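Please read the structure below before turning to the comments.
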Amino acid sequence: MVKICCIGAGYVGGPTMAVIAIKCPAIEVVVVDISKPRIDAWNSDTLPIYEPGLDDVVKACRGKNLFFSTDVEKHVAEADIIFVSVNTPTKTRGLGAGKAADLTYWESAARMIADVSKSDKIVVEKSTVPVKTAEAIEKILTHNSKGINYQILSNQEFLAEGTAIDDLFKPDRVLIGGRETPEGRKAVEALKSVYAHWVPEENIITTNLWSAELSKLAANAFLAQRISSVNAMSALCEATGANVSEVSYAIGKDSRIGPKFLNASVGFGGSCFQKDILNLVYICECNGLPEVANYWKQVIKINDYQKSRFVNRVVSSMFNTVSGKKIAVLGFAFKKDTGDTRETPAIDVCKGLLGDKAQVSIYDPQVTEDQIQRDLAMNKFDWDHPMHLQPTSPTAVKQVSVVWDAYEATKGAHAVCILTEWNEFKSLDYKKIFDNMQKPAFVFDGRNVVDAEKLREIGFIVYSIGKPLDGWLKDMPAVA
Ligand code: NAD
Ligand code: UDX
């Protein structure tokens, strides 16, 4: 029986290994992590992450050929294939701070593999890493090898949160990069045979190591660039009276552009886009390509602009002050169908409103009060370090309340800001909400989920990203 061990039981390690286990009953899969609370949660009825369909997959194979453990060294020593899916955050200090990927966790995992291994291993990069990381890892392993043969593969993961299980069951492609040597090719074939249990062969792409590593950064940069492009258009639409949904539909009909990933929003979030683009920018700078670096940097700048533009719109519409006013925030996760808040635009929007002394009342169906308070108290880039994965109680931000109901959040509020596109926000009783709010009552829809015309009929003043402004908003000073 082939044995797989995955180091890192997070958003990637957990779901990817659960899917390998269910699709390959003859393979034993063990997911290990240094965080005991995380492993305990994986072994409980309440998994540590919310992901549609994940519970069923885990329950079908946990205890059979899928295991979660904190005994990292034992399972690494026993494995034939080791996936490394630890976090690779942005460096917060030292050389490359604020841009470069922090490989501390990756390096310590590699050193541990070298320490405990007694047999040949295939080591698979699942974490998103800078180009040429495989070479560095190879050096760590081979310098400590004790005669053991290590083959390093890059198998970058393209799943998106909220649709992870579907993405893993039917990936657009699986990408495997390896050394172009007989041993390297053999290792690629071994990993390919795992995915071949359910992925059609033509969807399994093999490349050299560096192409595989760079393809991941490139894919995320291209995806994020589409959102920044449509968000930049949304600002122009508001200024001219065009409608960004109509523009997106019209351009998406061009088969060269395609219809997906063209939804204007309050900004993109998530643990990957910003981190990976900053990493790409840093690599370009290190390779003497400042023009290329600046090109990609602009994707992040537009995203920051979109978030601050939203806050400015809220404040300027409400007589240029939200001081002491109750603002209801519906949705805190970075997208629907996840409880993940990493780099969610809600953090910057809430901080902006709090900076103007608003009282913020937040409701999200999947995010806890503790998580929201921690996010609002944390410094930029600190979220991706394991100490923040531990349940500590931050000092609560006093102007913030977190409630478990959209009606409670909006009661007595001056304005509602919709920051995540949860389906339930489409079907709320907005008449009831309006009746319980201060007047004039505002809705700022950062995800274009509500029917603005219907809400205007009720009496709301409505702002929708990239849509023609209603009379009230037009009369207010322009926002920068
Ligand atoms: P995560 O923070 O959810 O999980 C990482 C886990 O690794 C944590 O539980 C942490 O405790 C554990 N860990 C860190 N060092 C360890 C060590 N030495 N030994 C054992 N466990 C250790 O992160 P994630 O979202 O799963 O992302 C993991 C990697 O995958 C990152 O490089 C990320 O960029 C990449 N990625 C993420 C996504 C996504 O949607 N989240 C998608 C594709 C790729
Ligand atoms: C992303 C990539 O899609 C995935 O391939 C990679 O493996 C990890 O990073 P993820 O961050 O989980 O996945 O979600 P994604 O669906 O890409 O959304 C990212 C952000 O962009 C979210 O905040 C989402 O709301 C926003 N978004 C997405 C838009 O604002 N408009 C869109 O049209 C699409």
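Cβ coordinates come from backbone N, Cα and C, glycine included.
Annotated features, as they stand in TrEMBL:
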- C272: active site, nucleophile (ACT_SITE)
- 8-13, D33, R38, 86-90, 127-128, E161, 272-275, R342: NAD(+) binding site (BINDING)
- 328-452: domain 'UDP-glucose/GDP-mannose dehydrogenase C-terminal' (DOMAIN)
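Sequence features, as recorded in TrEMBL, placed on the structure.
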{"residue": "G8", "record": "NAD(+) binding site", "DSSP (3 states)": "coil"}
{"residue": "D33", "record": "NAD(+) binding site", "DSSP (3 states)": "coil"}
{"residue": "N87", "record": "NAD(+) binding site", "DSSP (3 states)": "coil"}
{"residue": "E161", "record": "NAD(+) binding site", "DSSP (3 states)": "coil"}
{"residue": "C272", "record": "active site, nucleophile", "DSSP (3 states)": "coil"}
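Rounded to a whole number, the distance between the Cα atoms of C272 (active site, nucleophile) and T90 (NAD(+) binding site) is 10 Å. Each residue contributes its Cα atom, and for the residue listed as 'active site, nucleophile' and Y11 (NAD(+) binding site) those atoms are 11 Å apart. Among the binding-site residues G8, Y11, D33, T90, E161, Q274, residues whose Cβ is positioned under 6 Å from ligand 1 are identified as G8, Y11, D33, E161. Not a single one of the binding-site residues among G8, T90, Q274 has a C-beta coming within less than 6 Å of an atom of ligand 2. When DSSP labels each residue, the domain 'UDP-glucose/GDP-mannose dehydrogenase C-terminal' (328-452) comes out as 42 helix, 19 strand, 64 coil, counted as helix, strand and coil in that order. Note on T90 (NAD(+) binding site): other Cβ atoms within 10 Å of its Cβ, all shown chains, come to 22.
In this view, E161 (NAD(+) binding site) is surrounded by 24 other Cβ atoms within 10 Å of its Cβ, with every protein chain counted.
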